[in-house]
Each structure stands twice: as structure tokens, then as C-alpha cells.
Amino acid sequence: MTHQPSPVIHHHFAPAKINLGLSVLGVRENGYHDLHSLMVPLTVGDELEIRPAGALTLRVEGADLPTDERNLVYRAARAYLDAAGAAGGADLVLHKRLPLASGLGGGSSDAASTLLALAELYPAPDHRPVDLPALALTLGADVPFFLLGGAALAEGVGERLTPVDDLPPVHLVLANAGAEVSAGDAYRWLDETGDFSGKLRLEAMRLALARGVEVPYFNSLQAGVLARVPSVLTTLEALADAGLHSVLMSGSGATCFGLAHDAAQAQAAAAALAQRCPGWWVTAAQVRLPLSDNSGGRT
């Protein structure tokens, strides 16, 4: 009796992101917001396992999430397979490492990694090309960013991306006290005040990052979240007390970050903060630049 070899399992890394500054310039008539944000991928994130199969299945480990059309990974896989006219499917296993609804783009990154993985597994035929960025945008405004594999200036509603490749090394600590904030709520709270902002000062930010001094960035969503989610202020204060600088909320929250001067300081601050705040999600990380390829972190 002969045994068929098991399908090869492909591993893809789905990096978290932070916003090194997020300016909301205004709101459109359709309810979408115009943004100006420096988005950067990090060395921490979720992991995706994928292997070819006859049908599409999804299993999630590390979080209680749906495994059908309600899950963005499943929708991304279904969208790509349909667009490419692929005859097969895939067994997907998502290992969640990032906290949910945390401002780190975890779901969007997972979806982008799914698209990249399936494009490698089931390349679209020449007569039926798949526009991955366009497909990604149908899944969410942040998803196209994660196809780039590097830092980018995001404009429009987040769909206009300009790669940024001249950032210095950036070391940081991420912390989340356990709160979840939906992006919809964060933007609604901003709309209630109408406190929109001007564009980020990118050159000043680059210079400050290179010098390791306080970075002149801001997050337009932060004030509204602070007024309603007290643990975010506690998190920002804890990061500053740990000796980190330029503390800021990432995206719509509730994860916050502070910058360190080097990897050693980041690791020490993360260890001290985790000990002082048991139950928090805390980790050291660095900006994932540059990437050697655009594979989404395949290993």
C-alpha cells in the first residue's frame, strides 16, 4: 500500500502595524474620513498556516472568532479563489497573537497575508489576472497597506499609499490593558466634536526619529477614546513611567506604544511593565524595515 505525501504546509507571518501619527482631516458626505497617516509594519503579529485542499476551511487558535464568512480571513480566501477561478481550496489555520479590536490592524493583516499566500499557492492564469490591491480594498481600507511589506504614507480613506523607505530603525513597546475599541466608535466620537486636524509634519517626524527625541506626531482619535476608555490613559502613563518617549495610541486604540532608544531599552521596559501590570498584553517590537521581499513574511 502506498501513502500519498501530505500537502506541504506554508507559513505566513501577518505583521501588526502602528500609526506613527494619525491625522483625520475631515469627513466626507458618505461618512468616510480623509486621513494622513504614517503606517509601519512591526516584528510582532499573527501567523497563518495554509495548505492546499479540496475545499475551504478555517480554524482559529488563540481567540474565539468565527470561522465562516463572518471572519475576514475566510472572506479574503473566498474572494481570491473566486477571482482566480481556482479549482481547489485551502485548509487555513490562523494563530492569533495580537489582541482583538486593538488598533494594530490584525484582521486586515491576516486578510492580506491570506491573499498573498493563496496567490502563491494558486497563481491566477494569464487570461484571468487578479488585481490584489483592488481585491484587498474590497475587504477593508487597511488591507492594501499590508500587501506592500513596508512603511507607507496613507491618504484618502487609507487607499492612497506612498511607500516610505527612509525611516531609521525604530524600537518600541506595545501595551494594551485589555480594552477593546471599535474603529466605528472611535471615528464617531471624533465626528461628534468635529475636532479634525491638519497633515502630519513628516520631515520633522523623520528627523526626531533619527535623533531619538520626542516625535511631533499626534492621533486625532486619541482624545475621544481617552474621554470614554480610561484604561487608555493609564496605558499611556505606564509607558511613559517605564522610561519610553513619544507615547501615543495606535489607530483607533486601545493599544498604545512608546519609543525606546534601542532594543535593549525596549526589552527591559517591556519586562518591567509586564511585571508591574499583570494581565496586560505587553511586548517589545521594532518597525519591520526593510523587508527583503513582498511575500507577507513567508517562512
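The backbone N, Cα and C atoms fix where each Cβ goes, glycine too.
The active site feature in Swiss-Prot is assigned to K17, D142. Per Swiss-Prot, ATP binding site is recorded for P99, L100, A101, S102, G103, L104, G105, G106, G107, S108, S109.
Overlay of Swiss-Prot annotations on the structure.
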{"residue": "K17", "record": "active site", "CB count, 10 Å": "27"}
{"residue": "P99", "record": "ATP binding site", "CB count, 10 Å": "21"}
{"residue": "A101", "record": "ATP binding site", "CB count, 10 Å": "18"}
{"residue": "G103", "record": "ATP binding site", "CB count, 10 Å": "30"}
{"residue": "G105", "record": "ATP binding site", "CB count, 10 Å": "28"}
{"residue": "G107", "record": "ATP binding site", "CB count, 10 Å": "24"}
{"residue": "S109", "record": "ATP binding site", "CB count, 10 Å": "28"}
{"residue": "D142", "record": "active site", "CB count, 10 Å": "24"}
S109 (ATP binding site) to D142 (active site) - Cα separation in whole Å: 8
Secondary-structure category, per DSSP, in which K17 (active site) falls: strand
Spatial neighbours of D142 (active site) among the binding-site residues P99, A101, G103, G105 [C-alpha, 10 Å]: G105
Chain-mates of P99, L100, A101, S102, G103, L104, G105, G106, G107, S108, S109 with C-beta within 8 Å of site centroid, ATP: A16, L98, G251, T255
